[in-house]
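These notes concern the structure reproduced below.
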Amino acid sequence: GFGMTTPATVGGKIFLIFYGLIGCAGTILFFNLFLERLITVIAYVMKSCHERQLRRKGVLPHNSRRGSGTSEVDSLAGWKPSVYYVMLILCVASLIISCCASAMYTPIEGWSYFDSLYFCFVAFSTIGFGDLVSSQNIKYESQGLYRFGNFVFILMGVCCIYSLFNVISIIIKQSINWILKKLDCRCCHRCQRKLFRSRRNVVMPGNVRSRRNISIETDAVNESDTDGRRLSGEMISMKDFLASNKVSLAIMQKQLSETANGYPRQMSSNSKQNGFSGGVGALGIMNNRLAETSVDR
């Protein structure tokens, strides 16, 4: 939209709004289809060149055909052209079209060659400032041929520049993802070091240290990956927790069975009098422990 030809009536403006929805969508679809076909042709040409290189190196046989040569299919099945090569080819194509169009605009429009290149970029990228507009003079030599050439150059230039912008956006996305991965890895290593230094005695995130009835011994040497993860502050699974506390669980199971069956601990008369006898399970263990402490007192 250079702005040199615009709708003047209300009906023309309303028609432009509704027609622009379909027209712009169809134009974008055309550019996308052009990009797909262009990349298909580029990939086919580059695949043929890659196949010739493999045959020169002796990786592929020279007489292999599609019906008989299975090694060729296996070696080229997953091959794809690099996005950088596609970008380079699109850059060269855009430069060639821009230089040819500028060679046409310079003598006909009376612009300098640099201004013609500037107009090509502004027009091909659909920016359209309107400071330079082609085919605006009253009369040209071979006006019909010039307008046809102008149409062809603008159409091919817009297709190439649009395709180039899409490929550049892919490269920018890959670069941003690579930078984010690098930053994420560095941040992860720093966070792990900080957690290992500051929260060495923590089994899982939370206010564990504030509870006085919980004591965790960390002076021993780490005998498994579970102990290492316990020191680093990660949450451990129940399986790892049970594997790291086998001895304690065995003692607890023995005490549960003894309190449930009523043997072999013999409660003294003082403990019975204090009322710390009886109970099954965890309540029995607690009563036995309280009975022992009360006897000691």
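Cβ coordinates are placed from backbone N, Cα and C, and glycine is handled just like the others.
Here is what TrEMBL records for this protein:
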type	residues	note
TRANSMEM	14-35	transmembrane segment
TRANSMEM	83-105	transmembrane segment
DOMAIN	88-172	domain 'Potassium channel'
TRANSMEM	111-133	transmembrane segment
TRANSMEM	145-165	transmembrane segment
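Counting only same-chain residues 6+ beyond the ends of the transmembrane segment (145-165), those with a CB under 8 A from a CB of the stretch are 31, 34-35, 38-39, 87, 90-91, 93-94, 97-98, 100-101, 104, 108, 120-121, 123-126, 134-135. The average pLDDT computed over the domain 'Potassium channel' (88-172) stands at 93. Across the domain 'Potassium channel' (88-172), the DSSP tally of helix, strand and coil residues reads 64 helix, 0 strand, 21 coil.
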